[in-house]
Amino acid sequence: MDAAEVEFLAEKELVTIIPNFSLDKIYLIGGDLGPFNPGLPVDVPLWLAINLKQRQKCRLLPPEWMDVEKLEQMRDEERKEETFTPVPSPHYMEITKLLLNHASDNIPKADTIRTLIKDLWDTRMAKLRVSADSFVRQQEAHAKLDNLTLMEISSSGAFLTQALNHMYKLRTNLQPSESTQSQDF
């Protein structure tokens, strides 16, 4: 799965908007949305929120976790722990990217949030590289991927898969085949 597919999945996450228009419910295959009343918050999928924002039909409210203090705490905790810590959303990176690209005017301290999310991402990717290196060096057959997001797995998955395939080939070439006869008499 590539980054575009992961981002597509993230667009289904619900975010809160404050519409500036009136509309009864919208009936979609995935469920009903609305009603939309000016000034009253409503939860909608991210894809719809971005579409409405681009048409200047709403104001987006950032998710609860998209707060400078909370993100600083998460970043610091991630740096302290050896293992991956839980993240506030399984699509935190994609949601942040989309909201900051399309609605940064609705997000207080957007530049600081962008930096904190990037720091969190970099810390987690460094941990992932170290874990992958250790995994390959110890010739493990299984890995535990607790608290990793789909985007993090996707971004390192191709490399890790290739590395494991190469290790498998090396291991099978080094082992004596079953058809080889023993020299013992």
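Note that Cβ sites are derived from N, Cα and C of the backbone, with glycine treated the same way.
Residues or ranges marked as N-acetylmethionine in Swiss-Prot: Met1. Feature annotation from Swiss-Prot assigns SUMO2 cross-link to Lys109; the stated evidence is similarity to another entry. What Swiss-Prot lists as phosphothreonine is Thr180. Positions annotated as phosphoserine by Swiss-Prot, on the basis of similarity to another entry: Ser182.
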The residue listed as 'N-acetylmethionine', Cβ-centred 10 Å count of other Cβ atoms over all protein chains shown, is 12
Other C-beta atoms within 10 angstroms of the C-beta of the residue listed as 'SUMO2 cross-link' total 14
The residue listed as 'SUMO2 cross-link' and Met1 (N-acetylmethionine), compared by Cα position, are separated in whole Å by 32
In the three-state DSSP scheme, Met1 (N-acetylmethionine) belongs to coil
